[in-house]
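**Student:** From Swiss-Prot, here are the annotated features:
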TRANSMEM  19-39  transmembrane segment
TRANSMEM  60-80  transmembrane segment
TRANSMEM  107-127  transmembrane segment
REGION    128-149  region 'Interaction with TatAd'
TRANSMEM  150-170  transmembrane segment
REGION    171-187  region 'Interaction with TatAd'
TRANSMEM  188-208  transmembrane segment
TRANSMEM  209-229  transmembrane segment
Amino acid sequence: MDKKETHLIGHLEELRRRIIVTLAAFFLFLITAFLFVQDIYDWLIRDLDGKLAVLGPSEILWVYMMLSGICAIAASIPVAAYQLWRFVAPALTKTERKVTLMYIPGLFALFLAGISFGYFVLFPIVLSFLTHLSSGHFETMFTADRYFRFMVNLSLPFGFLFEMPLVVMFLTRLGILNPYRLAKARKLSYFLLIVVSILITPPDFISDFLVMIPLLVLFEVSVTLSAFVYKKRMREETAAAA
């Protein structure tokens, strides 16, 4: 076995170890969340007038596992980000390592901010609008599975989408992206974000519109922040070359 193959095996072993640590953290958070899942459930349905219905015993377990899984994913993000950083850190320069480490806490904060926006802002508005449509015409009954799927579909994607500005800033700082590339890709980006907004919302124009606007705003914020970071990086490179 030559030196190159030994080096590759070492990298794969390190990657395997980082993945195992991340998965172990996820399952630990999953078990912890499941122990408190009834309290989480009660908190999430605190504003409902009645109880949610279930169509079978297995649906109860499915709902509890879904709620526990979402909590575990949220709690595992800092662990996954840190393990990824530890894996790529040896290949980075001292400046790149410093920049990368600075962005990890921000990823978790923006993920929570995105979920909070989806849950506290979008979800009540869309739910109220849709239930208002049935007022006086239909007997509304929510099943636990449908209710929480609807909640997750509106909230969880925003957890990841809210990270877009920070990811763009990070890639701009490393020289992979710049505001000019983002501006050229604006039409394509708008199209993709509109498709995402349609996929994660119920099939009505109001819901699509309410989700579409924040996504487009996030993209424009990303372009603006990219321009700020790009100018700062250019000034630093000019000063270093002088």
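Glycine is treated like the rest: Cβ placed from N, Cα and C.
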**Student:** Have the transmembrane segment (150-170) and the transmembrane segment (19-39) got at least three CB pairs under 8 Å, pairs 6 or more apart in sequence?
**Tutor:** no
**Student:** Grab the same-chain neighbours of the region 'Interaction with TatAd' (171-187) for me: Cβ-Cβ under 8 Å, and only residues 6 or more beyond its ends, written as numbers and ranges.
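**Tutor:** Answer is 96, 99, 219, 222-223, 225-227, 229-230, 233.
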**Student:** Sequence-remote contacts (6 or more beyond its ends) of the transmembrane segment (19-39), Cβ cut-off under 8 Å?
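**Tutor:** Residues packing against the transmembrane segment (19-39) from afar: 64-65, 67-69, 71-73, 75-76, 79-80, 83.
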**Student:** Six or more residues out from either end of the region 'Interaction with TatAd' (128-149), which same-chain residues have a Cβ under 8 Å from its Cβ atoms?
**Tutor:** 44-45, 48, 52-55, 59-60, 62-63, 66-67, 202, 204, 206-207
**Student:** Find the average pLDDT over the region 'Interaction with TatAd' (171-187) in the predicted model and report it.
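**Tutor:** Across the region 'Interaction with TatAd' (171-187), the average pLDDT comes out at 89.
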**Student:** Quick one: DSSP breakdown of the region 'Interaction with TatAd' (128-149) into helix, strand and coil?
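**Tutor:** Breakdown, helix to coil: 12 helix, 1 strand, 9 coil.
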